[in-house]
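A.B. asks: What follows is a structure written as structure tokens; I'll ask about it next.
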Amino acid sequence: MTRSAMQMGRLTLVLCLLLLLLLTTQACFIRNCPKGGKRDVDERYLFKACMSCSFGQCVGPRICCGPRGCEMGTAEANRCIEEDEDPIPCQVVGQHCDLNNPGNIHGNCVANGICCVDDTCTIHTGCL
């Protein structure tokens, strides 16, 4: 076997090993990486329960809602700001309702007659 044939064989072997390594790794490349990197968030747990507040759940920053209504801007409701610091979004418990609010129309019934989205709440007949 000639010297150039041996070098060609080694080069082919190295290329095959690199290809095998590339195919067996679970690397994320520029186009398919999640925002925080491949180890950032497990896709099975994209949502978690929202924080609880004085008498219900946090439905947005400074908004606490429960069976007897909603509090906005109170000391207890201001605890809900902490929810925004968590990179994993929370899932508000309640029946879905639609608002006429541009860009953010899908909300949840959080109290009797009240529908909320991330930053606002309104009276909604579908939540009775």
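Keep in mind that glycine also has a Cβ here, set from the backbone N, Cα and C atoms.
Below, the features straight out of Swiss-Prot:
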type: SIGNAL; residues: 1-27; note: signal peptide
type: DISULFID; residues: C28-C33; note: disulfide bond
type: MOD_RES; residues: G36; note: glycine amide
type: DISULFID; residues: C50-C90; note: disulfide bond
type: DISULFID; residues: C53-C64; note: disulfide bond
type: DISULFID; residues: C58-C80; note: disulfide bond
type: DISULFID; residues: C65-C70; note: disulfide bond
type: DISULFID; residues: C97-C115; note: disulfide bond
type: DISULFID; residues: C109-C127; note: disulfide bond
type: DISULFID; residues: C116-C121; note: disulfide bond
A.B. asks: Taking only the Cα atoms, work out how far C50 (disulfide bond) lies from C65 (disulfide bond), in Å, as a whole number.
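C.D. replies: Rounded to the nearest whole number, the Cα-Cα distance is 11 Å.
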A.B. asks: Can you tell me which disulfide-bonded residues out of C90, C97, C115 are within 10 A of C64 (disulfide bond) by Cα, answering none if there aren't any?
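C.D. replies: So far as Cα distances go, none of the disulfide-bonded residues lies within 10 Å of C64 (disulfide bond).
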A.B. asks: To the nearest whole angstrom, state the Cα distance for the pair C90 (disulfide bond) and C58 (disulfide bond).
C.D. replies: 9
A.B. asks: In Å, rounded, how far does the Cα of C70 (disulfide bond) sit from the Cα of C121 (disulfide bond)?
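C.D. replies: About 9 Å separate the Cα atoms of these two residues.
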A.B. asks: Among the disulfide-bonded residues C53, C58, C80, C97, C115, C127, report those whose Cα falls within 10 Å of that of C121 (disulfide bond); none is a fine answer.
C.D. replies: C115
A.B. asks: Say you check the Cα of C80 (disulfide bond) against those of the disulfide-bonded residues C65, C97, C115, C127; which is nearest?
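C.D. replies: For C80 (disulfide bond), the closest Cα among C65, C97, C115, C127 is found at C65.
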A.B. asks: Listed disulfide-bonded residues are C53, C58, C65, C97, C115; which of them have CA atoms within 10 A of the CA of C127 (disulfide bond)?
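C.D. replies: So the list reads C97, C115.
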